[in-house]
Structure formats: structure tokens, C-alpha cells
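As C-alpha cells, the structure follows; a few thoughts come after it.
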Amino acid sequence: MVLPNILITGTPGVGKTTLGKELASRSGLKYINVGDVAREGALYSGFDEEYDCPILDEEKVSVTLHKVVDELENHMTEGGVIVDYHGCDFFPERWFHAVFVLRTDNSILYKRLETRGYNEKKLRDNIECEIFQVLYEEAMLSYREDIVHQLPSNTPEELEENISQILGWIEQWVKDHNP
């Protein structure tokens, strides 16, 4: 049976991981958090005090992203994968049958990121990223317009609606691609 590949993307704090894990649990598709995969590659060259986060070693990141893409290639070729990452422009377009960009109201997103302990600059930069739809635009530039979908991600009810909508999409996709 042929199964679809799905990308869930959006600004940090919009609920990608929660949605991705729950979808995988309910659909039987495999869940991959690319941030976790990349972290395992020891990509840090120091610590950024201003953003209160590790500094990525760009040379290692470039090499590791290629390794991540290479490592994911077999999974993506097999199909049935949900990929969770806050960016999307380095993934091959051929990998995904649907791209879901989660969006969250700024006041809700602010509280979520504040709860995570983000400092004021990091909070502000992520809120601006959401305001200016940076990840939605990145998805629209990286993939065919007809496979990119925005979903609201503000409440537990919206989470359930998104799960139901995507599960319905998966079911229809499987019917359409498995005669």
C-alpha cells in the first residue's frame, strides 16, 4: 500500500510536535522530528547569550542537513512519514504530498513561548516571524501551491479539528493512490 508523506511546519510554539505525534498515533504513519535528528549530530559551536540558545556551527549544519536529507531519503521513498520541522526550504519538493503550516494568534503564541522560557528578543523575533507569515511564504515558495495548507492552531478544539481534517485527507489520499 502506498502512503503519503506530510510536512508539518510553522513558527516555534505553534503546536507542530503535538499535532505530528498525535497524527502518527492515530494514523499509523511514522513521525520524524527533524530538530531531534539534527540535535543528535552535535551541531553547536558555542552559546548565543542574546538569544539564550546554542549557536549552530554552519559548516556542521550544512553537512548535517545533507546527512539528514540523505538519512530521510529512504523513509520518504517508502512513504507514510510525518515530518515535523520549523523550516522547509531544504527538503526536496518531491518528498511531500501535503504541507501543513500551523498558525497561531500572536497573544497565544507569546504566552506559549514565554512558558518555554524564551527571552524577550527571542520572543519578539518569533512573534514577528508569525506576523509576517515567514514560514507560510517559505512553504509557498518551496512547494506547489495546491499542496500547502494553513491551519489555525490556537485551542485544543482546533487541534482536534486539524487532526480530523488531516486524517480525512490521508484516508482520501490512500483511496486515490491505491487502486
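Cβ coordinates come from backbone N, Cα and C, glycine included.
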Legend entry - region 'NMPbind' according to TrEMBL, located in which of 33-56, 81-104, 129-152: 33-56
Inset, instruction - Report the largest Cα to Cα distance, in Å and rounded to a whole number, among the residues Gly13, Gly15, Lys16, Thr17, Thr18, Arg116 that the record lists as binding ATP. - result: 15
Legend entry - Residues near Thr17 (ATP binding site) in space but at least six apart in sequence (CB under 8 A): Asn33, Asp84
Inset, instruction - Mind giving me a neighbour count for Gly15 (ATP binding site)? Other Cβ atoms within 10 Å of its Cβ, every protein chain shown. - result: 25
Inset, instruction - List the residues of the same chain that sit at least 6 positions away from Gly13 (ATP binding site) in sequence and have their Cβ under 8 Å from its Cβ, in sequence order, or write 'none'. - result: Thr104, Leu109, Arg112, Leu113, Arg116, Asn126
